[in-house]
Structure formats: structure tokens, C-alpha cells
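These notes are about the structure you will find just below.
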Amino acid sequence: MNIFLQLVANGLMLGGLFAIISIGLTLIFGIVKVVNFAHGEFLMAGMYLTWIITVGLGLHPYVTVLAVAPFLFVLGAMTQRFLIQPLLLARDDHVQIFATVGLSTALINLALLIFGADIANTPASGLRAPVQIGPVRILEGQVYIFIAAVLLVIGLQLFLSRTQTGRAIRAVAQNRAAAQLMGINVDRIYVLSFGIGAACVGLAASLVAPLYPVSSTIGTYFVLTAFVVVVLGGLGSIVGAFVGAMIIGLIDSMAGFYIGSDLREAVVFGVFLVILILKPSGLFGTRVSLSHIS
Amino acid sequence: MKLAGLMTTSALALTMMTPQAFAEVTFGALFPFSGQLALLGEESARGLEIAVDEMNAAGGVQGEQIVLERGDAVDNNQAIGEARRLISLSGVKAIFGSYSSARSIAASQVAELAGIPFFELGAVADEVTSRDFKYLFRTNPTADHMGKLIVEMIVEKVAPGLGKAPGDLKIGIIHEDSSYGTSVAGHQERYGKEAGLNIVTTMPYPAATVDMSSMVLDLQSRGVDVVLQTSYQNDSVLFLQQASEAGYKPSAIIGGGGGYSMLPTAEAVGNDVIEGVLDADFTQYAVNTDFTPGLESFVETYRTKYGMEPRSGHSLNNYVGALAILKAIDAAEGLKPDQIVAAVSAIDIPQGQTAAGYGVQFGEGNQNQRASMMGMQWQDGTLVTVYPPEAAAAEMRFAQ
């Protein structure tokens, strides 16, 4: 029984980790309708920045979010403005996808050039300390990630439903042309949304860095799962990403123990496929039009 | 006519540009000098360079000074392209390489077809020497040696140190699931079975994993005493951290090369976590130098030439292999491929007479059958050699 509870706890913590990384991805996808393959590399950039500030200035890793999130916001906004936006006019939407693939490879190699192939370690600042809750043991840092993911979901929902800008963002997401006719500056909303999505990754980076050493390829470790989570939850659905992350985390943890470490990915992706077959738009998804013309 | 004239002129120009054999012989140095593997590729090449310097200072090979022509094996395709260039354009008499198994397997095919000797000094995959090539020789220890050494170490040192019979220890093997981890784990199982070890589980996992907590729980619930992990850096760090955080303390953890030998790994997990962890790898520097004659002068030459400490054991092992080969070529009857092959096949250096400790004699598949790895342990923040006893710089420690 204790092992089962520990597996559930591990699964939820893993889910929190996947959730915090996936939320920005689903946000960008839902609004800008661009599948951002450089998402993992945004995370990597944020983690390196966290590492630099933490080691250089001796600050607590969580404090660095004040610099990392704005930095990622700018990086995201610039990606939209200077890379995606010129390509929005391309006849084929796939052009943007390959642009982000290119950006991903460029960022990995840039990091390799600057930081080398070795891992860089953000000081854990006590966040790796295990906490005993009843029969289960989890890490302090994992708990904070989980809480942050919940707060981020609530915060973004409030922002999108209660503020003028949020409503404008949703309007653009629903129908770009109609939103433009209503006087919304669509290009600006796209830049803003991409920036916000990237800033969410910045938050994730500062929280994840003390638990995982960063290397140039760290993004690739997370990004495939992030895509699975986002598709499972329903493209563009923030709550869906959270629930999807929890499901994937729990399956991963259970399958790793009861079925075997070599088969756990087979189980995760098997369940993923079954859910998609039963509910093609994902758990919380509505049919979205991928076209920018809409 | 014009074209023919042009070709004749260029051919003439090429002939004039080709360095005449004015007491100079060119060998290829094929390593990944750029890209992801550049750091250790460069480190490996330095060993070769030091061996060449040493030979040149003593008069070169067969009275000719050695010139190294670099080829950058940044990926498998380029390894092939560079091998072709070295052979057909630079006219090298032999190629030395290559640190990476994949590059080695690709490039050595080119050399084999061209009939040019290819000397592998650092790649570990079994496949390199399992192809029965005539012109390929490998001096360094392999995945097989790693599995063998780990099992020997458990039987001869770890089990007695823990006060148990080897067969009473519960052994758990975990490994990343690419060809590297899978082949080492396969050898561990094979040698383990022969030695009567009780291997209770073998768990492969993808190297790009971000969570090993369920694997740790599995090992813990099976009561595994000795964990063998073959891994890269990220997964080494992840396992050590998650095991320690879950409160799982096996009697011994034995890593295989890669992440376990590197200082950043120790820094990542912290000295208290890595203390006592064992590791099988190429010969490193904290070793009993009676068993590795020439190691100190190698380190000294390295410092003078590159202005820093050796960054890993790769340079040392490449140096040892290259020196043995070059000395044999020096004693050969000429520089024709078959003369080189004959001379190299006759090498017979016993254990304990090279700077890496292992001897050199080529056996099946032209693999150095005297090559061996060493067992290391993290003690007080440094990696020291603890096995075999004749090479040990310190006693193996056990947590009580």
C-alpha cells in the first residue's frame, strides 16, 4: 500500500513538472496556432539564465524568475514578431512549424557553443530536501512546482476571462478576421500571447533548474512529453494541459513500477493513442481551426 | 583540347604540391574536433599528438619524421568523407582515431576498402572489432572488458568487503537502452552468470528520461544490494539523486564509464551522495604508478604542451595505444600496409608496462586482448583507482 501511495505521489509530482512546462506551449498553440518546436529550447535558455544568475549573484533560484520570465517574454515576443509573423503570409502553415524546428536546432547549437557539452548545476538551495508526508516522501521543490502549476492555471484563466486584453486574446483565438474587424490589433495580440506563453516557460525554468542540471539538450528531454500532454488535454486548453499532465505523470509512475521501465513509454503512448481515438480533440479540446485565415 | 591541357597542368601542379618523401611520413588523425563530441575528441587526439612528438624526438618511424594530418569526424557522414580525403588526397599511410564508436565503424570501412591500416584507440563498441577486418586494430578496452571488470570486482573485492559470499548479493542491473548500455549490460549478465552472481533484475530505460523514481522503488522493494548502472551523464545524476532522496542506500553502486567518471557529475549530486560510489572506466590518473610506468612523464608532457591538466583519461589511453602502434611501425620492414599490419600483429607488450597499465597483443578480430579497464571509487571528492589491487592507489571503502 505504501508503495502504491508513493507511486501516486511520484506521479502527481511528475505531473506538476509536465504541467508547468506544457502550459506555455498550449497557450501559444491555442492563440497563435503555431506549434512551437523550440519550446524545449526556451526552457533550456531559461534554465541556463537561472543557473548564471544563481551562481553569479548567489541568489535563490526562485528569485531569478524576476529576470528569467521577462527575458523569456522578450525572446518569445521577438520570435513571433521577427520569425513567425513574416511567415504568417506564407501559403502553407507548415512553413512556420519548420521555422520553429530551425530555431530549436539553432538554439541547441548556440548553447553548445557558449556553454559546452557539460552539464551546469544550479545550486539546490535546500529544494532537493525530501519531505515526509505520512507514508510518502517527496521533494520540497516538487511541491512548489505543483503549487505553481495550479496557481498558473488559475491565474491565466482569470487573466483570459476577466481582463480586457484577455478577452481580446480569446477573441483573436476564436476568429482572427472577426477580431480584426472589431478593432483588435491582431499582430500585437499574437506577439503578446507568444511572449506570455514563453514567460510561462521562464517561470517553469526557474522552478525546474534547481532539480535538474541543465545541458544544451535538456529541452529535448521534456518537449516530447509536453506535446503529448498538450494534445491529450486538448490543444489550446490550459486546464486540459494540467489534467493531461497529471494523467501522463501517474501512468508513467505506475507503468514504470508495475510493468517495467523499458515498457513505460509504450504504456504512456498507448494510453495516449487510445484516448485520442476515443476523443480526437483531446480531453478538454473543442474543434479548433488551424488556419490563420479563419 | 583545352580541357585536357588544363587537366594536365593541374595534375602537374598537384604532383608538385604533394610533399615528397623527404624523410616525412603522414598519418591521419581522425577525431570529432567540432560538434557535440568535440571536447573528448580533442582530448583523445592530444594523446596521439604526444605519442607522435615522443616518437619524432627519438627519430620518428623508420628514420622519417611523422606528420599528423587532422580529419574532423563531426558526424558519421563526415567521418567517411574525411577518411576518404585523408587516404586519397593526403596519402596517409595509416589512420588513427576516433573516440566515437559510430564514427569508427563508419570510417574504418573506407580504410578497409582502400587497404589502409586503421588504428582505433578509444571507441568501445563491440562491433568495431567484430567485423573481421584485416586492416583495423583496436588498442583500447571495450564494453566487454567493462562488464568483465565489474563482475570481477564484485566477486573479488565488493562481496568480501561487505562480508558476504558473491552469490548472496542481490544484483540489479539498470542501463540506458541504446547499443552502448545494452551491450555492457549483456556482458555484465553473461560474466555475472558465469561467476554465479544472483542478478535479480535487469532494467533498461531511455537515456533521455526525466524520472527514475519508479525504478528506484522497484530496486528498493526487491532489496537489491548492488546496483550496476551503465549510463550517460544526465541519467547518472538522476539515478544517484533520486535514490538518495528516496532513502535508498544499496551496499554498493557501480557505474560504467560515461557520467560516473566526470567531476561535474560529482558536483551535481554532491560529495556526500557520490562518496563510495564505484565506477569502471579507462585508466585514470589517480593510480598506483608502479603499474603504469610512463604515466607521470605523460602528464608532465601534457602540462607543458597544453598548459593544463589532462581533462580525462582519454588522452592517456590514446597515447598508450598510439605509442605501441608507432613503435611497431618503426620496427616494420617498410611503410606498405601489409608490412605495417605484420609489424603491429607481432606486438607483445605484457601487463604493467604501459602508462595505462594494460599490455598490448592483438587477438581475435584484431582486438587488443590484453586491454582492461580499471575500477575506481569516489573518495572524498576525487576518483581514485581501487581495482585491480596491483594498480590501486587506495583501498576500497565500504559504508558501514
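Glycine is treated like the rest: Cβ placed from N, Cα and C.
On a predicted model such as this, the values are computed, not experimentally measured, just so you know.
Per TrEMBL, the feature transmembrane segment maps to A:12-35 (among others).
The annotation transmembrane segment is assigned in TrEMBL to A:65-83 (among others).
As annotated by TrEMBL, transmembrane segment applies to A:95-117 (among others).
Residues or ranges marked as transmembrane segment in TrEMBL: A:143-160 (among others).
Using a Cβ-Cβ cut-off under 8 Å and counting only residues 6 or more beyond its ends in the same chain, the transmembrane segment (A:189-212) has close neighbours at 17, 20-21, 23-25, 27-28, 31-32, 34, 36, 39, 42-47, 49-51, 54, 61-62, 64-65, 68-77, 79-81, 84-85, 122-125, 127-128, 139, 141-142, 144-145, 148, 152, 156, 165, 168-169, 172, 179, 218. Summarising the annotation, TrEMBL assigns transmembrane segment to A:189-212 (among others).
Taken from TrEMBL, the feature transmembrane segment covers A:218-251 (among others).
The annotation transmembrane segment is assigned in TrEMBL to A:263-284 (among others).
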Fill in the blank from the handout: Given A:65-83, A:95-117, A:143-160, A:218-251, A:263-284, the one sharing the most C-beta pairs under 8 Å with the transmembrane segment (A:12-35) is A:218-251
Fill in the blank from the handout: Taking the transmembrane segment (A:65-83) as reference, the highest number of CB pairs under 8 angstroms among A:95-117, A:143-160, A:263-284 goes to A:95-117
Handout entry: Remote residues contacting the transmembrane segment (A:143-160) - C-beta distance under 8 A, at least 6 residues beyond either end
Key = 12-13, 15-17, 19-20, 23, 27, 62, 127, 131, 166-167, 169-170, 200, 203, 207-208, 211, 238-239, 241-242, 245
